[in-house]
C-alpha cells in the first residue's frame with residue numbers, strides 16, 4: 001500500500017498503468033510515422049520493429065536470427081480470448097452474486113482492487129447496471145472472437161512476439177479489474193433484477209446499439225478475410241494474402257480494427273461516458289489499432305500495385 005500512498009491525490013495505480021501503456025503506444029506510433037527507427041539501422045531499431053509488428057507485417061522484415069527465438073504462432077490469438085472468457089466471466093459471476101445475493105467479494109480480490117484503484121474517482125452509486133452490461137459485452141465479445149479464431153479465421157504461418165503474447169494475456173486480466181473497480185463492492189443489501197433494470201437509461205440503449213452494429217461489421221470483415229483463402233465450396237486453397245473487398249473494406253484497409261475501436265467506444269457509452277479510466281482503455285485501443293492498421297495498410301500498398309488508392313488505413317475519410 002505504500003506505493004499507492006506515494007501517488008498524486010486522485011490518481012490510482014490503475015490509471016497510471018493505463019497512462020503508461022497509452023504513452024508507450026503513442027511513442028511507438030509517432031516514432032514509426034516519423035521513420036525514426038527503421039529496421040536495420042541499429043540493433044535497438046530491429047527490436048523495436050519486431051515488437052510493433054505481427055503476422056503479415058513481419059514478412060520481409062530484416063530481423064536478426066536470434067529474434068526468431070521469441071516467435072509464437074499468430075494462431076495462438078485464441079489464447080487471449082479464452083483467458084478473457086474465463087477470467088472476466090468469473091468476475092461477472094462474482095459481481096452478480098454480490099448484487100443479487102449479497103455474497104461478499106473474496107478478500108483477495110478486494111485487496112487487489114484496493115491496491116489498484118485507491119485514490120481513483122469515487123465509485124458511482126446506482127451505476128451497477130452499467131458495470132454488469134460492460135462485463136457482459138466484454139464477455140460476449142471475447143466469446144465471439146474465440147469462436148472466430150477457432151472456426152472462421154484461417155491463419156497463415158505468421159507469428160507474434162513473445163512480449164506481445166504476454167501483454168495480450170495480461171491486458172484482458174487488467175480489463176476485468178478496470179471494469180470491476182467502477183462498482184462499489186462494500187454493499188450489504190442485495191438488489192433485485194427489477195432494481196437493476198430500473199437503472200436503465202438512454203445511453204445503455206445507445207451503447208448496446210453501437211456494440212451490435214460494430215460487432216456485426218467486424219464479424220463480416222473477418223469472414224471476408226477468411227473467404228480470400230477458400231474456394232467457392234468452402235475448402236481452404238491457399239494461405240496467401242489478397243486484396244479484401246466488400247463491406248467496410250471499401251473505405252479502409254483494416255475495418256476490423258475500426259470496429260474494435262467502436263466496440264470499446266460502445267462500452268464507454270454504456271458507462272454514460274463517465275468512467276474516466278475506461279477512456280484510457282479506449283485511447284489504448286485507438287493507438288494500438290492505428291499502429292497495426294498503418295503497418296497493414298503499407299503492406300497492402302507494397303504488395304499490390306493495383307491496391308485502391310482511395311482507401312484510408314483505419315478510420316474512414318480521416319486516417
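Backbone N, Cα and C atoms are what each Cβ position is placed from, and that goes for glycine too.
Computed from a predicted structure; not experimentally measured.
Segment annotation: Swiss-Prot labels transmembrane segment over residues 13-33 (candidates 13-33, 34-54).
Taking the topological domains listed in Swiss-Prot, residue 11 lies on the same side of the membrane as residue 191. The transmembrane segment annotation in Swiss-Prot falls on one of the ranges 102-122, 123-143, namely 123-143. Segment annotation: Swiss-Prot labels transmembrane segment over residues 159-179 (candidates 159-179, 222-242). Range with Swiss-Prot annotation transmembrane segment, chosen from 59-79, 80-100, is 80-100. Matching 246-266, 267-287 against Swiss-Prot, the residues noted as transmembrane segment span 267-287. Across the candidate stretches 13-33, 123-143, 159-179, 196-216, 267-287, the maximum count of CB pairs under 8 A to the transmembrane segment (80-100) is reached by 123-143. Mapped onto DSSP helix, strand and coil, the topological domain 'Cytoplasmic' (288-319) counts 16 helix, 1 strand, 15 coil. Against the transmembrane segment (13-33), stretch 267-287 has more CB pairs under 8 A than any other of 123-143, 159-179, 196-216, 267-287.
In terms of C-beta pairs under 8 Å, the stretch of 123-143, 159-179, 267-287 lying closest in packing to the transmembrane segment (196-216) is 123-143. Within its own chain, the transmembrane segment (267-287) is flanked in space by residues 12, 14-15, 18-19, 21-22, 25-26, 29, 120-121, 124, 127, 130, 133-134, 137-138, 175, 178-179, 181-182, 201, 203-204, 206-208, 210-211, 260-261, which lie at least six positions past its ends and keep a Cβ under 8 Å from the stretch.
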